[in-house]
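Everything below concerns the one structure shown next.
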Amino acid sequence: MPRPYEEDEARQPILQQADTDTDEPSTARLIRRSDDDELSERLTGCGATACCNPNSALHRFQALILMCLVGFGSYFCYDNPGALQDTFKSDLDLTTTQFVMLYSIYSWPNVILCFIGGFLMDRVFGIRLGTIIYMFILLIGQLIFAMGATINMFWLMIVGRFLFGIGAESLAVAQNSYAVLWFKGKELNMVFGLQLSFARVGSTVNFLVMVPIYKYVKSLGYQGHMCTGVVLLLATLTCVMSMFCALILGWMDRRAARLTKRNDSAPGGEVAKLSDVRTFKVSFWMVTVICVAYYVAIFPFIALGKVFFMRKYDFSAEDANTVNSIVYIIAAVASPVFGLVVDRFGRNVLWVFLSVTVTIIAHGMLAFSHLNPYIGMITMGLAYSMLASSLWPLVALIVPEYQLGTAYGICQSVQNLGLAVISMISGMIVDKGGYFMLEIFFIGWLIVSLLATIVIWLYDASNDGILNMSPAGRELYASKSLQRSSTDIAGSSSDSTDGGRLERERRAKDPEVIRNRYVNRVLDATPTQSESDLVE
């Protein structure tokens, strides 16, 4: 991902020199912060106000709203089939296996393309153009999906969902990258939680309004597959809104980069390469395991949950949709709150462990008891919100910033592989064994995610332990690590030969040094003395 600098960081003294150094290089003098703020002098009128100044918190908040709305249409349309499961199967004459295929085909292309999409955003498109391209692909896919339902051509609906999936999952990678670009060193956990919150608002609104919309369209005289197609076309309007938000956000980011003189190239000239995946740590790969094993117990369950609640608890279609959407309603409220909690106390791995454990309890209540299903679904919603706010920011602590698009792409790709396979298996389990066996199946996957969390905890504890530190502990660790790097490189710089310069350049590109520099920026957003040793 292009190297971002937060706020006025482009003019911070990245190459710090002693103030007594009268022979300071011209480059360092140019980027040293002056006593008077050049940007404030240059901005006048509306540009100098809080809502238009890229350095202000209010302006970043406006950008955050747009980041959230970019994903609204994607999540709203993703669960269109789930909200209309019974009408889909009757109007389009689908079996449960065919119905689940509408979800699995969404995931299959992203087993590869989501990873490639993240890499292309890092290396080719950049975040602004990449977001717009992926949003456009998503919009076209939803239109084709709706047209396929209108003319009752199942294969055309499959093609539409295929394209929709390509755009939607790569768009999620772009959203994560935007969040790090604008909010690193600040409330990053809260931002991830708020993004999830808005996304789940999209899913919740879908479950609440699609049945009334279907009934209204049917009252206008549309019947069967034609009625379903018109309803899906109306749902496409949310994707059009998200497209406009992506365009506005791209313009805002370009303006902010120009006014703050943000350097969009990677530090030290690092460039994302496919071979970088060999340097990713065990903790990152365990995060990807959790992405699969946890989410396959959430999304496929919600996709099939409407009929589950109608059969086991004798709910009406509207009541079943309401309880089925509880997870998303809870996430919309709780995710930002849990994000703030994680920002305050840290201990991400502990929160992930608690989230998985509570989710196992929630599925157990739904499977083995006849308690009010709202209890189990509310519990699941709280655990789901807690996990999303603590798991995804771990990637930003494990992987250097210029590789984040690739890393998030891998997470999304592996997750989609799991969702594609598990969604199809889930449909077959329901057809042959019923919903009780499906719950046992999901609990098994949650146990896998719990074991992966334990592996992360043990691996992190045997190394630097940064993933489960408090914010203060992480800042102290980053400072000490960079001081050690500075000492090592200063020793090699005493050699005035070309060999000494080559050694400094080699150390500057060392993955551990890069990671330490990045962790320091994420945790503190302050340049360190070691960076002046790394660049001469």
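A Cβ is built for glycine as well, from the same backbone N, Cα and C atoms used for every other residue.
Summarising the annotation, TrEMBL assigns compositional bias 'Low complexity' to 487-497.
TrEMBL lists 498-510 with the feature compositional bias 'Basic and acidic residues'.
What TrEMBL records for 63-464 is domain 'Major facilitator superfamily (MFS) profile'.
Annotation comment: TrEMBL describes 1-27 (among others) as region 'Disordered'.
The annotation region 'Disordered' is assigned in TrEMBL to 487-510 (among others).
Sequence annotations record features per position, and here TrEMBL assigns transmembrane segment to 61-78 (among others).
Annotation source TrEMBL lists transmembrane segment at 98-120 (among others).
Taken from TrEMBL, the feature transmembrane segment covers 132-156 (among others). Long-range Cβ contacts of the transmembrane segment (132-156) within its own chain (Cβ-Cβ under 8 Å, at least 6 residues beyond either end) map to 70, 73-74, 77, 92, 94, 98, 117, 125, 162-168, 170-171, 174, 224-226, 228-230, 232-233, 235-236, 239-240, 242-243, 246-247, 250.
Per TrEMBL, transmembrane segment is recorded for 162-183 (among others).
Residues or ranges marked as transmembrane segment in TrEMBL: 190-210 (among others). Residues of the same chain lying 6 or more positions beyond the ends of the transmembrane segment (190-210) and with a Cβ under 8 Å from any Cβ of it are 64, 67-69, 71-80, 82-84, 175-176, 179, 182-183, 231, 235, 238, 321-322, 324-325, 327-329, 331-340, 342-343, 385, 388-389, 392-393.
Sequence annotations record features per position, and here TrEMBL assigns transmembrane segment to 230-252 (among others).
Per TrEMBL, transmembrane segment is recorded for 282-305 (among others). Non-local neighbours of the transmembrane segment (282-305) in the same chain are 79, 81-82, 85, 96, 100, 103, 320, 324, 327-328, 352, 355-356, 359, 363, 380, 384, 387, 391, 394-395, 398-399, 407, 410-412, 414-415, 417-419, 422-423, 426-427, 430, 435, 438, 442-443, 445-446, 448-449, 452-453, 455-456, 459-460, 467; each lies 6+ residues outside the stretch with a CB under 8 Å from one of its CB atoms.
The transmembrane segment annotation in TrEMBL covers 325-342 (among others). Residues of the same chain lying 6 or more positions beyond the ends of the transmembrane segment (325-342) and with a Cβ under 8 Å from any Cβ of it are 187, 189-194, 196-198, 200-201, 203-204, 207-208, 298, 302, 348, 351, 374, 377-378, 380-382, 384-386, 388-390, 393.
Annotation source TrEMBL lists transmembrane segment at 349-368 (among others).
Annotation comment: TrEMBL describes 374-399 (among others) as transmembrane segment. Beyond its flanks by at least six residues, the transmembrane segment (374-399) meets 176, 180, 184, 188-190, 192-193, 196, 280-281, 283-284, 287, 290-291, 294, 298, 323-324, 326-331, 334-339, 341-342, 348-349, 351-352, 354-356, 358-359, 361-363, 365-366, 407-408, 411, 466-467, 474, 515, 519, 522 of its own chain at Cβ-Cβ distances under 8 Å.
The transmembrane segment feature in TrEMBL is assigned to 406-429 (among others).
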Determine whether the transmembrane segment (230-252) and the transmembrane segment (61-78) share at least three Cβ pairs under 8 Å, counting only pairs 6 or more apart in sequence.
yes
Residue list, the transmembrane segment (435-459) vs rest of chain: Cβ under 8 Å, 6 or more residues beyond ends.
281-283, 286-287, 289-290, 293-294, 296-297, 300-301, 304, 308, 311-312, 349, 352-353, 356-357, 359-360, 363-364, 366-367, 422, 425-426, 429, 467-468
PLDDT averaged over the residues of the domain 'Major facilitator superfamily (MFS) profile' (63-464)
82
